[in-house]
Amino acid sequence: GALLVNERIDREELCGALSPCSLSFEIVVENPLELYSGTVEIQDINDNDPVFPSSQARLEISESVAAGARFPLESAQDPDVGINSLQTYQLSANPNFALEVQTRVDGSKYAELVLEKELDREEQRELNLVLTALDGGSPPRSAHVQIHIDVVDANDNAPVFNQSTYKASVRENTPSGTLVARISAYDLDDGPNGDIVYSFSSHTPTKVRELFALDSATGELRVKGQLDYEEAKLYEIYLQAKDKGAVPGVAHCKVLVEVVDVNDNAPKVTVTSVYSPVPEDAAPGTVVALLSVTDLDSHDNGLDSGSPPLSAVKHILVQVSDVNDNAPRSSQDSYDVYVPENNVPGIPILNVSATDPDLGRNAHLSYTLLQGDIAFGHLFSINRENGTLYLLTSLDHEDQVEFSMMVQVQDGGIPPLATNVSVSVFVTDLNDNAPTVLYPHPNTTATYTDVVAPGTPAGHMVTKVVAVDADAGYNAWISYTLLQATDPSLFSVGLHNGEIFTARQLREDDAPEHTLVILLKDHGEPVLSTSATISISVAEMVKEVLTDLSDVAPASDPRRHVTFYLILAVILVSAAFFITMLSVGIFKCYKWRQSKELYNSSRSTTYRTPGPFHHIDAVRGGFTPPSFYHQVYLTTDSRQSDLLCKKPFTSSPLGSRQGTIRNGEPGLYHQIVGTASRLPTPAE
């Protein structure tokens with residue numbers, strides 16, 4: 001029930017000179033339902049200095065003016081009220097004038113100069129005084145104005161008003177130009193000294209000058225601006241009459257203008273909502289809203305009985321709220337997202353879209369990532385408000401190809417309803433791995449020399465460069481070219497298999513030692529490459545080569561027995577691998593036969609190759625359990641195969657119905673690299 005200040009309060013901006021300054025409000029109390037009215041009074045602080053209309057005032061006073069004459073001075077304005085408003089004036093010390101402070105009906109102060117000692121122009125032609133305005137704050141604020149008095153020869157007679165105070169009443173909203181009052185003054189002098197000009201006194205507030213206009217020749221006071229009873233009920237207007245003499249005589253009067261209220265404000269209906277929106281199961285008689293009516297007019301005009309009467313109509317919109325009986329609905333049950341590897345962390349990769357036909361909080365949806373794997377929390381994040389799925393880190397196709405997760409969409413009802421959407425993220429391959437040479441090994445200090453016999457005919461395979469590429473698809477296809485050779489005409493290299501052949505028959509005059517530099521390039525964009533160096537010796541027997549190498553070989557190798565054990569280990573591992581693969585093949589064949597009919601019923605899901613291939617043999621492989629589907633692509637030249645896998649997030653007897661792998665994204669291929677060597681013929 002605490003009432004707090006919502007923003008800075010400026011009393012002068014809210015109420016101006018009106019005091020007290022108050023704001024009204026209404027409070028609704030429930031259980032039981034009651035309505036209370038309250039008022040906050042805004043108290044003034046001394047935050048404004050008095051301000052004079054100008055920094056200098058000039059007066060012309062005749063030397064014939066008798067002692068006791070009064071001269072009103074320009075009033076300072078202070079928007080503060082009460083004790084903080086303008087309280088008094090002070091005049092600098094001088095031998096001729098005293099200062100008297102007068103109070104208006106509304107409590108505002110103005111100052112008058114009182115001549116205590118008659119002026120003598122022959123003794124002093126002018127006087128300079130300082131008028132200071134002070135408010136009642138602590139400490140008080142002040143303002144100063146310089147008063148310059150010219151002593152001149154003046155008229156013997158000053159104008160005289162036929163009455164010192166005029167009273168008039170005018171209805172608010174009176175049209176501009178309406179006559180309010182006519183003032184009149186006379187002057188016994190003749191000629192210009194007797195011609196009278198009417199004007200507002202110098203201390204008349206600016207607001208009064210904006211609302212009223214005075215005819216300087218006739219003294220008619222007319223309405224100029226828009227009068228509002230609710231803003232001010234009474235105006236105290238100070239006027240003066242001045243003749244046209246060399247030293248004009250001046251007379252002063254005031255006009256009290258009373259503003260009469262008219263019924264110009266229609267009633268205002270305020271609706272305080274208590275029980276809206278109304279649930280559809282609300283009982284009859286349920287309170288929907290409280291109504292209060294106010295009218296800014298006074299007396300009968302404020303009781304809804306003005307003449308003519310004004311009325312107000314208020315339309316009340318009653319909303320009917322529903323119950324949370326609809327779960328969120330996603331535009332699709334599952335999403336397949338393809339992301340290239342080496343992505344920029346923090347990018348959005350998917351926007352899960354869902355709707356809820358309920359209203360209000362029952363339709364406010366929140367998205368949560370159900371993490372089957374705890375590591376997913378470091379990889380993926382979802383915006384709780386809009387369902388945008390973000391990738392938090394950079395993925396590597398060679399580390400993991402597919403991620404499967406579940407997104408839960410939940411509304412804000414009580415109790416909440418939710419639905420789950422499966423999301424599969426596939427990492428597509430980029431050419432970020434250069435070919436790796438397996439033979440000859442690039443990081444060893446040992447020298448590998450291949451031997452070829454003199455007179456070997458053309459087309460003889462001498463050795464083979466063995467290399468792999470960690471990428472997949474096109475990015476893993478390796479081509480081999482001869483970059484540098486001791487005799488470029490003697491050897492050639494297979495473009496796709498890395499096999500090194502003799503290009504012609506070896507002659508006796510050929511060099512005994514040959515060094516070949518082979519360039520290996522993949523087919524990615526951009527192309528990545530590496531090189532391998534091959535040493536070939538031309539000799540009758542291997543023994544000759546070993547003799548030539550004896551100088552660089554160590555005298556004794558303490559690890560010479562290790563070779564035997566390594567060969568034995570390779571044989572044992574190869575045998576175990578062969579038995580394992582044979583068992584897996586028999587098991588898969590058995591499973592394939594069981595799922596053949598079920599697979600034929602779900603062949604509507606199609607898969608396509610990653611693009612046009614040249615010299616490709618496509619072989620459809622055997623089938624794994626119903627939730628898997630394989631295609632195998634074999635290249636006849638490079639002995640590589642691309643294995644294409646699609647695994648749905650949840651197993652289904654009909655396989656995946658979530659969509660196909662679009663355009664055979666290269667990121668879903670696994671590369672199998674094999675090597676083959678040609679056995680020597682009996683003649684060789």
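Each residue, glycine too, has its Cβ placed from N, Cα and C.
Residue counts for the domain 'Cadherin' (1-52) by DSSP state, with H, G and I taken as helix and E and B as strand, are 5 helix, 19 strand, 28 coil. Here TrEMBL flags 1-52 (among others) as domain 'Cadherin'.
Sequence annotations record features per position, and here TrEMBL assigns domain 'Cadherin' to 53-161 (among others). Note on the domain 'Cadherin' (53-161): its mean pLDDT in the predicted model is 88.
According to TrEMBL, the feature domain 'Cadherin' maps to 162-269 (among others). Assigned with DSSP, the residues of the domain 'Cadherin' (162-269) fall into helix, strand and coil as follows: 10 helix, 48 strand, 50 coil.
Residues or ranges marked as domain 'Cadherin' by TrEMBL: 304-330 (among others).
The domain 'Cadherin' annotation in TrEMBL covers 331-437 (among others).
Residue counts for the domain 'Cadherin' (444-556) under DSSP, split into helix (H, G, I), strand (E, B) and coil, are 12 helix, 44 strand, 57 coil. TrEMBL lists 444-556 (among others) with the feature domain 'Cadherin'.
If you look up TrEMBL, you'll see 564-587 marked as transmembrane segment.
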Residue counts (helix, strand, coil, in that order) that DSSP gives for the domain 'Cadherin' (53-161): 3 helix, 54 strand, 52 coil
